[in-house]
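One structure is given below, encoded as structure tokens.
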Amino acid sequence: MMMAAMRKQYEVTRPVYSEDSFAEQHKKIYRKHKTILNHVKDYLTCDSKRAKNAVLSLLPIISWMRIYRVREWLLGDVVSGVSTGLVAIMQGLAFALLASLPPSYGLYTAFFPVLIYFFLGTSRHISVGSFPVLSLMVGAVVTRLVPEVGPPANITDFEGLTQDQQRVLVASSVTFLMGIFQLTMGILQVGFIVVYLSDTLVSGFTTAAAIHILVSQLKFVLGLNVPGISGPLSAIYTLEEIFVQITSTNICDLVMSILIMVVVFIVKELNDLYKAKLAVPIPIEVIMTVIACGVSYGFNFETRYDVDVVGKMVSGYESPIPPSIQVLQESAVEAFPIAIVGFAVAFSVAKVYSIKHDYTIDGNQELIAFGVSNIFGASFRSFAASTALSRSAVQESSGGKTQIAGLISALMAMIVTVALGFLLEPLPRSVLGALVIVNLKGMLMQFREIPYLWRKDKLECVVWVGTCLGATLLGLDIGLGVGLGVELLTVVFRTQFPRCSILANIPGTDLYRDRKDYLHVSISSGTNLINKHEHNTTMLFQVGFNPLRVLRKRNKALRKIKKLLMKRDHGITEVKQCNTVETTTPSVFTALDLPTDLKNLPFQMNWNAELPDNISVPRVDLHSLILDFSAVSFLDISAMKGLKTMLKEFIRVDVDVYIVSCDAYILEKLNSYMFFDDEILTSMFFPTLHDAMLNVFEKYNENRIRACVKSRFKTTLLCI
């Protein structure tokens, strides 16, 4: 009781408004909308202020360099850059295997794209470089055009090239086209496209990618010679090849891989456990790589145990190459989803850190930055670049404040490429495979989301499972399309089956819950061609009768009554005037669907009164129907036609219809499409539900209404 007494109260005294009376008392300000030509002129107009803003937008480095705190930030950026560089080098080597390329080209991806992003990127904390999912998607194209077994695709640019050179050309060409797609989307300002990739879809997709990555790395861990397989069911076919050769497992590779995975996993868990106490996470991947290199070189694993090693590392950087036009044509279908996934992952990671450190990122500028980065990198033989969450976490947690940390990590990759690459030549490829697998923990743990999603939102769970299964079985490119299709189907499902409720006033308030004498139906989605029938069906179920059927029954009854009158049968005595309105489109309706014609009757008609025995008409105890449009965001033409027909059907059976909380844009649209006529009037529209209810009270002078309040959990009968 004390809590109720302490609650704040408010009291408002104002007239009861309809939309018409509100418009009369409060004049709407006329806003002149610009034409497309005016928008184009404004876009092309240039002055000093716009030029300055354009430069600052295109080169975000200017903004953060002007506020750079050298004494506070430089040391953290240097430490972070060194730590991130070590991780980027190891991941570059490992992820190059996913792209079916020689490991040394992974170092190119850790260098060239970072240089461009340093100037054009808006995120200060993400680490640009290779990402396992993109590497695998690029690798699928590489193995399709240049298979390990059999001749390559019929491409003239392959003539005179070794298999590795052909694969590098394919990977760089796909990356070039990926960059073109991203740059084009950035110029066209379509960064919003990432909203179509929900967190649930991305989670299911990356989990499927983790399965593909795991399967692809088993051949390195087991030391088997399994050819790369791409296309639908590639994971199953690869597992089949592995099990066929399982007896040929290289024990040295297997033992070394298991040992490295166990050690790296334990140290990573300790890093997470004591991250608050550790200034910099222990670079266990680097430590294990150095140890593996030394042991492999000292005991001559390549010769003694037939271990497959990294081999000859490319020293320095090669001259730039143009993309292959034929490869671009062959890979256009795969390059587009690669571009979308690369941007979606990078943007989602960048958004996390921008919120944490309170600065803004621009999705369209990110598209431009990654587009130019990938185009530039592809010219120097690097493959698809985005970001990896683990590498970005190292850059941020080790003290990185700006992309200077990223620049330093790129310089470390350059040093290894130019001067120290030969030290990595004895590194067993199984070690790289083990490092890739142990870093899949985060993505594979996303399987735990399935029971959570099933409890919270079953449709979201369907999206997750559908995307994961589609991408696992059909391949990542087709699987992404399957995931988008499933997600769109869930949207259609939600709008196809809207939730409607019947509401009534709570005593002494302007709050409403479900009811039953006159109705308020709350529609909880947009209305369109797809779901208009479902809206009508749900509403008729809630109302309890079909107005069109009642109208037809009344017209049939009226014919019988007129015949009785002609025979001088005066068995009808009830009196009540019924309004009639002529229809404006008689060709659409049959004669029975027209308004009831009560002219030339010697009495007033009350259809709820007792009628002669041979005349039966359903009772309509409803006098007012209020439609709440507060949750309706749009109406298409088909929906407007359906709404107009439904409103006329209720009006013609003497039910007053009101529409409340209708968006101003929808009202303008209704006016422009000539929705209103002699039957459907603008006076039917009210700004709030309470205004409409008070209008009904005043019209019918009712003091007692029975209302049925329905919630999701129970049904309660209230007397108001």
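Glycine is treated like the rest: Cβ placed from N, Cα and C.
Sequence annotations record features per position, and here TrEMBL assigns transmembrane segment to 73-99, 105-121, 128-147, 167-194, 201-222, 242-266, 278-299, 335-355, 367-384, 404-424, 462-489. The domain 'STAS' annotation in TrEMBL covers 625-696.
In terms of C-beta pairs under 8 Å, the stretch of 105-121, 128-147, 278-299, 335-355, 462-489 lying closest in packing to the transmembrane segment (367-384) is 105-121. At the 8 Å Cβ cutoff, the transmembrane segment (73-99) and the transmembrane segment (278-299) share at least 3 close pairs (sequence separation 6 or more) and count as touching. Within its own chain, the transmembrane segment (242-266) is flanked in space by residues 215, 218-226, 284-285, 288, 292, 301, 305-308, 428, 430-431, 433-435, 437-438, 441, which lie at least six positions past its ends and keep a Cβ under 8 Å from the stretch. The transmembrane segment (167-194) and the transmembrane segment (201-222) are not in contact, since fewer than 3 Cβ pairs between them lie under 8 Å (pairs 6 or more apart in sequence). Residues 122-126, 128, 131, 133-134, 137-138, 141, 174, 177-179, 181-182, 185, 191, 193-194, 197, 199, 202, 205-206, 328, 361, 363, 366-367, 370, 374, 384-387, 389, 392, 396, 476-477, 480-481 of the same chain lie 6+ residues outside the transmembrane segment (335-355) yet bring a C-beta within less than 8 angstroms of a C-beta in it.
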